[in-house]
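For reference, TrEMBL has these:
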type: TRANSMEM; residues: 105-125; note: transmembrane segment
type: TRANSMEM; residues: 131-152; note: transmembrane segment
type: TRANSMEM; residues: 184-206; note: transmembrane segment
type: TRANSMEM; residues: 226-244; note: transmembrane segment
type: TRANSMEM; residues: 256-274; note: transmembrane segment
type: TRANSMEM; residues: 294-316; note: transmembrane segment
type: TRANSMEM; residues: 336-358; note: transmembrane segment
type: TRANSMEM; residues: 418-435; note: transmembrane segment
type: TRANSMEM; residues: 441-466; note: transmembrane segment
type: TRANSMEM; residues: 487-508; note: transmembrane segment
type: TRANSMEM; residues: 528-547; note: transmembrane segment
Amino acid sequence: MLSKSLMFNLHHPHPHHEIFTKPKNILSLTTSSIPTTLTNSTKILVSQKKLVHTFFNKKCNKNILFPMASSISQFDEFHPDPSLTNDDLKPTSIDQRNFSGWEMASLWIGLVVGVPSYYLAGSLVDLGMSWWQGIAIVVLANLVTLVPLILIGQPGTKFGISFPVLARSSFGIRGAHIPTLLRALVGCGWYGIETWIGGEAIFLLLPKVVKNSSLSQSISWLGTSPLEFACFITFWIAQLAIVWKGIDGIRELEKYSAPILISLTSCLLIWAYVKAGGFGHMLDLSSRITKSEFWSLFFPSLTANIGFWATLALNIPDFTRYAKSQHDQIIGQAGLPIFMGLFTFVGVAVTSSTKVIFGHVISNPITLLGEIGGLFTMILAIFGISLATITTNIAANVVAPANALVNLSPSRFTFRRGAILTALLGIVCQPWRLLKSSESFVYTWLVGYSALLGPIMGIILVDYYLIQKMNLSIKDLYTLSSNGAYYYSNGYNLAAILALVVGILPVIPGFLQNVGILDSIPKSFAIIYNNAWFFSLFLAGGLYWILSILKKNQKEIDPLLPNTS
């Protein structure tokens, strides 16, 4: 199973509330406005470029920073409710928008290069797929994930708002706590898991005399050994040093770590190629399963790989709000499928080479670096794996929970305080017990939480692009006034909450079977679970759209009805 390889490691907008001018209808763009002296092919290219730029409001220095500046001035012109804002929740200013395309891409390099990503394609090869099939599924999954990444990242760059603030538009001023806390819960779990992986890197590469001491003996009440726990806490503390510096510290970490991680990964690949005499052994890894067996594995594997980055795809506005332009956020994020494809290729190539080099397969990169031996190699390995884990963990698993806690109580939490509480919850979840409790933990974890995040994503996308028409009232995102566009029913959008529940419910039977609570379920529920992200996203998004249209029609029939939506 996929988990076997990963086990160890791993409102409708009211017209008088609209601040911005609606973007042109992209369907109305034609080539009729293009000079007739252009060739047909040039007409098409210009039209396509015009369409794309209109959809994303063109570049930052023309149409992105202007509405951004407008939103900031509008924000400053009124007094936002103190329970809904602080310095971390306000729209970013122009001076704060310092993420270039390269820095956005560097973020993804830091996220991708890590122990869990190393296993993704290799785990599919273990299931019987060929090497290229495993890599192709990983790339395809990330191409699918790229679509919501860019779409949800767009309002972050356009309005300078974070994910919790964006969620207020669809779920309501108070209802936004539901999706943000669900995302935070997943982030805290992953934070603990990644931190444990980093601690294991330190432990496994310690001298044998230390690892064989009495301190490495497991204690039942603790669930692990004092030495392993000490390594875990050491890595936990090391991460806080970066978190303490806030988003700028994270940006600098990702920016300067990217070339180091690329260099270390390249060195590992070159070493494997030279020692194994090429990658012929990998190229001989043909499929060991039938066509029907392949398709039975394809969809759950695709869903699991989408679930891998479904977390960050949801709260990507937390980062794109700092992008210099839409062009920068799109170009930077387009690197995700490329980097994932390249890194999973490294994982498959190196793992297959260990069969030739050592006589047996070593799928764990930490164990492999320990086998290579040598003081320099061990020091370099600890540094490389620690850097890879920190860059992934902090960006993917700290920012979203920290911002969710800030949104929950802006007067009590800052980003720094939220990050510290996230780190503490990462200890409370005891990842060493989670990773050792079930062989299918990660597979169940990835697919299971995708059923939570899929419907949230569907609702937010439908709300922003189909209901709000890409227009948000910054003023109403920060007010508890009952006349606010996003106040709905006492601050909760019941349509969004109902759609969220309906999107999750059909996936529950499959989840319960995977964790062993149910012995058997109808085949239809198994199919739904294997496609949990897709199913829940379209079901919740579609239902929310229908409910919103019905609510809008009801208001048009009787405009005297009170605003309880």
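Any Cβ shown, glycine's included, is placed from N, Cα and C.
Automatic prediction, not curation, is the source of TrEMBL annotations.
Since we're looking at a predicted model, the values are computed, not measured.
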Within-chain partners of the transmembrane segment (256-274) [C-beta distance under 8 Å, separation at least 6 from its ends]: 105-106, 109-110, 113, 343, 346, 349-350, 353-354, 357, 365, 372, 380, 384, 387-388, 391
Long-range Cβ neighbours of the transmembrane segment (418-435) (under 8 Å; 6 or more residues past either end): 7-10, 184, 187-189, 191-193, 195-196, 223-224, 228-229, 232, 236, 239-240, 243-244, 397-398, 401-406, 441
Paired segments the transmembrane segment (184-206) and the transmembrane segment (105-125) in contact, 3+ CB pairs under 8 A: yes
Which of 131-152, 226-244, 294-316, 487-508, 528-547 contacts the transmembrane segment (336-358) most, counting Cβ pairs under 8 Å: 131-152
For the transmembrane segment (105-125), sequence-distant contacts whose Cβ falls under 8 Å of one of its Cβ atoms, 6 or more beyond its ends: 1-6, 9-10, 99, 131, 133-135, 137-138, 194, 197, 201, 251, 253-255, 257-258, 261-262, 265, 285, 297, 301, 305, 308, 312, 319, 331-333, 335-336, 339-340, 343-348, 351, 363, 365-366, 385, 388-389, 391-392, 395-396, 442
Cβ-Cβ under 8 Å with the transmembrane segment (226-244): same-chain residues at least 6 beyond its ends: 195-196, 198-203, 206, 210-211, 213, 215-216, 219, 250, 253, 386, 389-390, 393-394, 398, 416, 419-420, 423, 426-427, 432
Residue numbers, six or more beyond the limits of the transmembrane segment (528-547), whose CB comes under 8 Å of its CB atoms: 170, 299-300, 303, 306-307, 310, 447-448, 450-451, 453-459, 461-463, 466-467, 495-496, 498-500, 502-504, 506-507, 509-511, 513-514
